[in-house]
């Protein structure tokens, strides 16, 4: 019966007068837009709470955390590039930040980790829609110490620790049942009070060390505000007109939207 239904569906599609449209379908969504902030809600240099990017990030991040509509304010889209020059992006969770950089954890056998091994230059973006704000980070990544990775691993829920052991991230798998069977076996082994799940050697953390951090705030008239912190080029001097002296070796500038 199922095969007959599939045949009928295929025939109906093939005989459809709209088949040409279906094959060449192009949807125009150019008119989709939302209103951002009002003209009196601009993000100016005088509004910076810090003259270095980490203090400014802390301020914006805490505002995002305070908004219950933002379920995962620490989610960031991480972009990597393979040795062949092909980019890819995915969301990861930032698990710590400070003047040294931004921390995230993953499987060292994953696509992102293989990209990083061949090319440690990455970009990451936080986007908080309800605030009409984003933060763009460009820099390089380094592996965190094994001790750091192990300490964080054991702060995770046990089910998450087991999932990390059960999944060989980014490798093809026959079915979800295979994963579930691995998980079941690991649960039988480790879901025992007082028994610790060992961190897999292929799992750990990275530190994203920024070269630049850009703060973007959307404006209703599309003249968006962009203030970028970056490390100065060799011999570059701040003129306090276009380029401003920051703190801790940073400079900042306003960019056209």
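Backbone N, Cα and C atoms are what each Cβ position is placed from, and that goes for glycine too.
Features as listed in Swiss-Prot:
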type: BINDING; residues: 33, 34, 35, 36, 222, 223, 224; note: substrate binding site
type: BINDING; residues: 90, 91, 92, 93, 105, 106, 112, 169, 170, 216, 226; note: FMN binding site
type: BINDING; residues: 95, 152, 156, 160; note: pyridoxal 5'-phosphate binding site
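Taking the features listed in Swiss-Prot, we show where each one sits on the structure.
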| residue | record | Cβ contacts under 8 Å, 6 or more apart |
| --- | --- | --- |
| 36 | substrate binding site | 132, 217, 218, 219, 220, 222, 224 |
| 90 | FMN binding site | 77, 78, 112 |
| 92 | FMN binding site | 75, 76, 78, 104, 106, 112 |
| 95 | pyridoxal 5'-phosphate binding site | 74, 103, 104, 105, 152, 205 |
| 156 | pyridoxal 5'-phosphate binding site | 164 |
| 160 | pyridoxal 5'-phosphate binding site | none |
| 170 | FMN binding site | 107, 109, 110, 111 |
| 223 | substrate binding site | 257 |
Write out, in the order they occur in the sequence, the residues of the chain not among 95, 152, 156, 160 that have a C-beta within 8 Å of the mean position of the C-beta atoms of the recorded pyridoxal 5'-phosphate site. 105, 153, 155
Taking only same-chain residues 6+ apart in sequence, whose CB is under 8 Å from that of residue 226 (FMN binding site), what do you get? 214, 215, 216, 254, 255, 256, 257
DSSP three-state call for residue 223 (substrate binding site): helix, strand or coil? coil
Give the residue from the binding-site residues 105, 152 that has the most other Cβ atoms within 10 Å of its Cβ, counting over every protein chain displayed. 105
Among 112, 222, 224, the binding-site residues in question, whose Cβ has the most other Cβ atoms within 10 Å in this structure? 112
